[in-house]
Amino acid sequence: MIVPLFLALYSVVAAVLLPRLLARASWTSRAPRLAIGMWQAAGFSAVAAALLAAISLAVPTDLIGHGLARFFEACTELPDLSLTGVRAGLAGAALIVARLAYSVADVVLRTRRERRRHAEMLALLGRPDGDLGAVVVEHAERVAYCLPGRRAQTVITTGALASLTPDQVAAVLAHEHAHLRGRHHLVLAGAEILTRAFPRVPLFERARAELARLVELLADDMAARRHHRIHIAAALVGLATGRVPAFALAAGGETALTRVRRMLHPHEPLERRERLSALLAVAGLLAGPAALVAVPGLTSFLAHHCHGLFS
Amino acid sequence: MKRGLGELESTIMDRMWAYHKPASVRDVLEDLRKDREIAYTTVMTVMDKLHTKGLLKRKPVGRAYVYEPVASKEAYTAELMRDSLAASGNQAATLVHFLERLTPEEATALEAALQVFPPGGRKQ
């Protein structure tokens, strides 16, 4: 009984407390790639723990943790939950898997349909520019984006081209190419799948917002390898100003401000010690749920084979 | 270079938008034949497809149809941009960036911050 309880508790803590902890961390903008890995590991960890909690409820605990019952006598004293427990566990596991599967199919199909429709219209409305390596769309609004997928395309409007210098255009396109090369749409799709499968879970909602921000920072950093940071910053300002309200995703431009400041005043990269502890945290998140399952098994193994230790 | 029917669709839509008046398959065919060899049935098939897709509307005149774009190119472009950038949209479908709108104060502050740096820029 103790294993599913621990796992469920772990899952709840991960879903509620982790986002607060992670969102407050200031190192994330210094190491966006690591931060992306951290959020993904957190999401995986929470789901894995919930799933394992349900499974360990269904599979008789003495199979995995034979010795545990003896250590926690109290557990064996509990009313016989086996049948209800098995049912509840199986139902819980099936529910989690079904929601995930449905959400994956939903997001994948919808995304593919939207992209295909978009690409079709783009073929009619845009003009591929070989020199830029992008599709140019005649439109006054300053917009640059990329359309991921098998036939990935980078799109820029004439409005954006007119308001940016060639250096800035190159920087913007490098940013878009970084998104495509880094498969950032998969990061966002993963976050989308989790929020859809398990709505209103703080961890997943927060992760989606943070991952959207972090892939931008990461793409800025990738673009900064080949382009002057000042050009990226200037392009950001050029694109973020003079936009009509209907086109604004987030008024206030908090992310734009951070990104411009980041480009102008680059932060120190993480120190080795900081990086190491972040990596350890990622490893902990990935291994945590499995470790919780293994604990009683280990204890029982020890109890069976190492009597000497306990007597 | 776009190839095949996709390219022809794009070319025909561009002509239709440029005419600013209804045109029959014959009209479009004659226009296209100034640049290339092309069969009547090919043009008819593509225009029929564009009609099915909802890009062209048509009405019978005599024994043939005359076609006309449903909306202007600008209107389609605006719709495409708005659709892909909609806040409720699926972020994973089109990765759209630089979307925040700055307040005038923020914009001024950022422009000022940029002025400090030499135009040549610096790496890192």
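In case you wondered, yes, glycine gets a Cβ from its N, Cα and C as well.
The model shown is predicted, which means the values in this text are computed figures rather than measured ones.
Sequence annotations record features per position, and here TrEMBL assigns domain 'Peptidase M48' to A:113-190. The transmembrane segment annotation in TrEMBL covers A:6-23, A:35-59, A:88-109, A:278-303.
For the domain 'Peptidase M48' (A:113-190), the predicted model reports an average pLDDT of 90. For the domain 'Peptidase M48' (A:113-190), DSSP puts the residue distribution at 42 helix, 17 strand, 19 coil.
Sequence-distant contacts of the transmembrane segment (A:6-23) (same chain, six or more residues past either end, CB-CB distance under 8 Å): 35, 38-39, 42, 45-47, 49-50, 52-53, 56, 201-207, 210, 285, 288-289, 292-293.
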